[in-house]
Every structure is written in structure tokens, then in C-alpha cells.
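According to Swiss-Prot, the protein has these features:
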| type | residues | note |
| --- | --- | --- |
| TRANSMEM | 9-29 | transmembrane segment |
| TRANSMEM | 46-66 | transmembrane segment |
| MOTIF | 85-90 | motif 'HXXXXD motif' |
| TRANSMEM | 302-322 | transmembrane segment |
| TRANSMEM | 336-358 | transmembrane segment |
Amino acid sequence: MVSWKGIYFVVALFLGSFFGSIFMLGPFLPLMFISPAWYRWITDRIVATWLTLPVALLEMVFGAKVVVTGDGFIPGERSVIIMNHRTRMDWMFLWNCLLRYSYLRLEKICLKSSLKSIPGFGWAMQVAAFIFIQRKWEDDKSHFENMLHYFCDIHEPLQLLIFPEGTDLTANTKARSNDFAEKNGLRKYEYVLHPRTTGFTFVVECLREGNNLDAIHDITVAYPQNIPQTEKHLLNGNFPKEIHFHVQRYPIETVPTSKEELQLWCQKRWEEKEERLRRFYEGGKCFDETGQSIIPPCKSELRVLAVKCISLLYWTVFPMGTFALLYLYSFARWYFAAMIIIFVAQQKIFGGLELIELACHQYFKKQQKHDDTKMKKK
């Protein structure tokens, strides 16, 4: 049954992303045609302000507790984050961890392409340059390569979240994973799915070659009580009471360089996850005996609390302010309508704002190369 908590959560996130895309991100869209690097720098920080809202709602309104154990992050470092995909919402819950131990503005997520069509959420994800995939490697490889080369070219640090399992853990996906294991003589898993290593190895190789990778963060996520498997569970008010993250940091120098060894390395991490999660769910429902966060965060809890309070206040007032603006001023209504048309039309015509941004960067890069060639001839 749909609950008021779920409705409040979804409506608050939607209004924030919808009006934020139009009134906060929209004015900066022309900047991508002048300087894609500056456009990326500014919009990453604007999007990060919205990413604090789900964190604030989950913890301050719905009382979710976050526990982080393991190695933690070095603030500002460039990394690939690999995580088990227990629910469809793991990527959002990870923001509760990153707010404390890293910087939300650095995160990019690899997501299925259908999500970019969602008004508000999808528009903001396009502006944030998330990597949208079709889940067909022959179609995704060139897009992956172009986006990763872009991030390397502009020297903007990123922490790229990918789910090697490819989908969340359900009875159906576990059955398919077990069929795969049986055909290939592998162990059947109970708490994770067998990882698909092709995309992972490609991402690591690309970022490594572009000198844009400091470490790999292997994160195991678990929910000791209620598990919100889908968006419907959140709408029904089934929010996680506790979210546990166990972080293992591997400096890139310690990670294998060959493709075959990297595949085995990833598979080994999943074997460890299976055992770690087995101990978690069959034992004391914690990754560490204390059941408490043991990693010193890069931000104090007082600072995190201040960020959450400001976020909750701002994203409550902001939609009301935009409603008032639209009611009082005709130019705001014209701008509002124009931006909706632009967001919808550009995706129909060009496929997404991240592709336009990428094309602009490639154009400027080509022009720079042409100018450099002319200078050398002189």
C-alpha cells in the first residue's frame, strides 16, 4: 500500500530534480558550446547539491542509520567503485556513504539508457554526464570509450560507479546466475550474482591509460532489516532502517594489468563478497564486531548534519519559490515552457545532453589539434 512517507519522498525528489534541471542547470547549458570543461565543473557542483537531498530525507526524516567499515576513501582521489547490486536503489543509497567519506560531485554512475527519458531525474543525469548503456557490449563499447576519454582529457577527477553483476539480486536473476555457474563449472552464489567482467576490465584499462585512476574501491552493501528491492517498495514507505557499507580500497599499482588477470581479480572479489555477506546475514548483521562506523570520515558528523539540514531546507523552499515565480511572472512561464521543449527535443534529435557535450568537446579538441599543426608549420 502506498504510504504518505513514500509519496513525500518521491514528490520531494521529483520536484527538486524537475525544477532544478530547468532553473538551476538550464541557464548553464549554453556554456557547453563555449567550454565543455567549465560546463562540467559548474554543473557537477550544482547536481551534487541535489544529491544531498535523498541523504537528508533518508536519515533525518525516515531515520535510516548508516554504518561504514573497512578502508574508506582518500578524499578527491580518482577511482572506479564496484559494488554488489542488492536492490535497484543501491546507487542512491551509496550517496549516504559518499557524503561522509568522499565528494558527491566526483561521482558518475553507469546506468541503463531508459532512465535518461524520465523528466527531471533523467534530465539532471544527462547534464551530470552519467554513462547510459544499452547493456549490449557491441553497442556500449564505443560510447564508454568516448566518455572515459573525455573525462581523461578535461582532467576532472571522477569516481565511476559500476555494477559488474549487471542487474539487482532477485529470485529470477539468481536462477540465471546459477545456470551460468553450472554451465561453466563455477560455484553457485546465494548473496551475489556472478559478475560480468568485460565492462569492468575495459573501464579500468581506459582510465589507467588516460592516467585518471588512483584506486579501485570494492564496496559491499547490505541491509540487515527491511530490503527496499524496487522503487515501489520506497513508494510504500519501506525505507531501509540500516544501510551497511564495507569498503576495500585497492591502489591501482596493486591491481593486475593484463585483461585476463583483471577478470580473475574481479571474480575473486565477488567470492569474497559472497562469504562476507554470508557472515553478515547469518551472524550478527554487521561487517565489524562493533557494529559501528570505524573509518574516520573526511567530514565531521557536525558538518554532515549541517549539510543535511541546509539541503532539506533549501529543497523544501526552492520548489515553492519556483511555483510562486511561475504564478507571478509570464517571462518565467515562457522560460519554463522553452526549457521543457529543449530537454525533450534535444533527446529526440541528438540522443541526450551528455552526447552533445561530448560532441562539443571533440570539436574543440579537433580544432586545437588543427591549430597546433598550423603553428608547427609556421
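Placement of Cβ uses the backbone N, Cα and C atoms for every residue, glycine included.
Counting only same-chain residues 6+ beyond the ends of the transmembrane segment (9-29), those with a CB under 8 A from a CB of the stretch are 39, 42-43, 46-47, 50, 53-54, 57, 61-62, 119-121, 123-124, 127, 231, 234-235, 239, 315-316, 318-319, 322, 325, 335-336, 339-340, 342-343, 353. As a summary of secondary structure, the motif 'HXXXXD motif' (85-90) carries 1 helix, 0 strand, 5 coil according to DSSP.
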